[in-house]
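*Asks:* Attaching a single structure in structure tokens format; questions to follow.
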Amino acid sequence: MEYNALYLGLSLSAVFFVRTIQNGWLAEGRLERLLLYPFSEKTLVAAYVLVASGVFILEVWIPLLALLFMVGKGTAGAFAALMLYLLLIDAVLFLTQTIPVRRAGYIGFGIVAAIGLAAQYVHPWLGIALCVIALVALSLLPCRIPRLRTGKESAVSRFVRTKVNNYFVVNGLLDTRAWSSFLLINAFAAMVVYVIGKEDGPVRLFWILACVNTPLTSILSREDDTRNQIHLIGDERGSALRMGLAIFPIFVIGIAFLNTVAAWLGIFQPLDIAFGLFIALLATAISVFLEIKFPLVNVKTERDVFRHPRKYIAPVIAGAVIVAYEFTFGAMV
């Protein structure tokens, strides 16, 4: 895949990932508790952008760097320019969320789309220059870190809570952070699959993003009611199996979503259906096994759960199997 053909697509896909970080870190004021007071609002904004950019680097930039280094086409300078652009564009995205105007998010998405167009269809270094200009201009505004806005439950939500006795459906509908993060991370993955698939890249590697929604970062750890309904006191095995029934559809839907994009691009193989189900089952089985052996019901805080390294085990193992499959049957042959 040509480096210079990826700017617009990766810019737009980054928008979806930024929203997942917004949903997670702003949830329940977690970001405000993380940042130390009293500091000036400018300092807090800078800390917010740095923290969020750090998450972006770990979960997006480094994996893309490794992938593009292996399968990308172009000069070393073009590769370096693309990776620098991705660092800057994500900072622009996060900084636009702090401007003190209504619909700041939509404004930021428009700015990023315009910069992506300039980078891809005019010159990559123009996109980089526009990112720097945008960062300087936005930093001059009276920015403030985003605060979580809470509202009352709607009548429909109350009806669902009282009439439906299904922990997955009820809490999935009521906890907007959970389902929106699930949809957005898969939308992000689908955008990346589309961009790389057009260049005949190894799109199955991005199935791993469908396995990122582990029990520790999905509905099961976001909503206390869900966790309480799934957990059976004195029966860790039963609790883990109930958890598996909830997370297996999450993995299946995520992988099926990416397969749909691959089919649209004409690079889908029938064997992918069976292998996708196997990956979903593998990720579920690993998660259930870990829940039985190392239950996380006694952790001190939600942040301890969020940081716990156990949540990475299922994606790492599933990812190794996906890479092996891609080398055997996919575009990396």
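Don't overthink the numbers, they just go from 1 along the chain as shown.
Cβ coordinates come from backbone N, Cα and C, glycine included.
Look at TrEMBL and you will find 6-26, 47-70, 76-96, 103-119, 125-143, 178-197, 243-267, 273-292, 312-332 tagged as transmembrane segment.
Describe the structural context of each listed feature in the structure shown, including burial, neighbouring residues and relevant distances.
*Replies:* Within its own chain, the transmembrane segment (103-119) has Cβ neighbours under 8 Å at 7-12, 14-15, 19, 22, 85, 89, 92-93, 95-97, 126-128, 130-131, 134, counting only residues six or more beyond its boundaries.
Residues 207, 210-211, 214-215, 236-237, 239-241, 243-244, 247-248, 251-252, 255-256, 259, 310, 313-315, 317-318, 321-322, 325 of the same chain sit 6 or more residues outside the transmembrane segment (273-292) yet have a Cβ under 8 Å from a Cβ within it.
Residues of the same chain lying 6 or more positions beyond the ends of the transmembrane segment (312-332) and with a Cβ under 8 Å from any Cβ of it are 70-71, 200-205, 207-208, 211-212, 214, 267, 269, 271, 275, 279, 282-283, 286-287, 290.
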*Asks:* For the transmembrane segment (125-143), could you work out the same-chain residues 6 or more beyond its ends whose Cβ comes under 8 Å from its Cβ atoms?
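*Replies:* Counting only partners 6 or more residues beyond its ends, the transmembrane segment (125-143) has Cβ contacts under 8 Å with 7, 41-42, 45, 81, 84-85, 88-89, 91-92, 95-96, 98-100, 111, 114-116, 118-119.
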